[in-house]
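Step one of this worksheet: look at the structure below.
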Amino acid sequence: MRIFAALALPNEPRAALEAEINRLRRKYSDCGRWSQSKNLHLTMAFLGEATPDTAKKIATALAKVPQTAVCWRFSGLGVFSRQQILWAGLAETDRFNALAEQVRSCLDDMGQHYDRKPFRAHITLARQWQGPQPQALSSPLANYSFAVSPVCVRLYASERDASGRICYRVLSSY
Ligand code: 2AM
């Protein structure tokens, strides 16, 4: 299976992103493939193919990452042009960077390979993005503020449902 470690979103920021996706979709419906609300997450490390046994070991190791709390304030929208991804950025990146470093060093300690691309705290809103660049997309996201909440790191498997749509199955959370 294809696995990755990610943060699940608390309800309020998830609802804000869902509203933002719906708002953008009304204007740019054909410009990309929009994320489903239930799939929204913040990837900490993408591990790729792994056996169920390895996934279990990784889940056990990740459970040792100290618990912390973060503020899910958004900075606005961004685009990774090469990957054609429209994303929402997090404002308080230090906390997320530190957490990604802990998750990644935990994987390093167990000799587990993962995608080494530098971490950038973002949540994918649409893939195959053909729409405007972010400067042209004004967004209310940066105006919202949410309470600080405990993070929930999860190990997910990326799968396809019966109709071929991507869905993410939680393998573990702590
Ligand atoms: P994203 O973080 O930009 O959304 C499952 O595929 C998740 O892992 C997605 O959220 C995806 O992109 C992220 N991811 C990071 N590196 C990846 C890679 N090399 N291949 C596939 N997905 C990757």
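For all residues, glycine too, the Cβ spot is worked out from N, Cα and C.
Taking TrEMBL as the reference, the stretch among 34-37, 118-121, 122-125 described by the feature motif 'HXTX 2' is residues 122-125. Residue ranges 41-44, 89-92, 149-152, 169-172 are listed, and TrEMBL annotates 41-44 among them as motif 'HXTX 1'.
Each residue contributes its Cα atom, and for His41 (active site, proton donor) and His122 (active site, proton acceptor) these two points are 9 Å apart. DSSP assigns His41 (active site, proton donor) to a strand segment in the three-state reduction.
Listed in sequence order, Leu42, Gly78, Phe80, Ile85, Trp87, Ala88, Gly89, Leu90 are the same-chain residues at least 6 apart in sequence whose CB falls under 8 Å from the CB of His122 (active site, proton acceptor).
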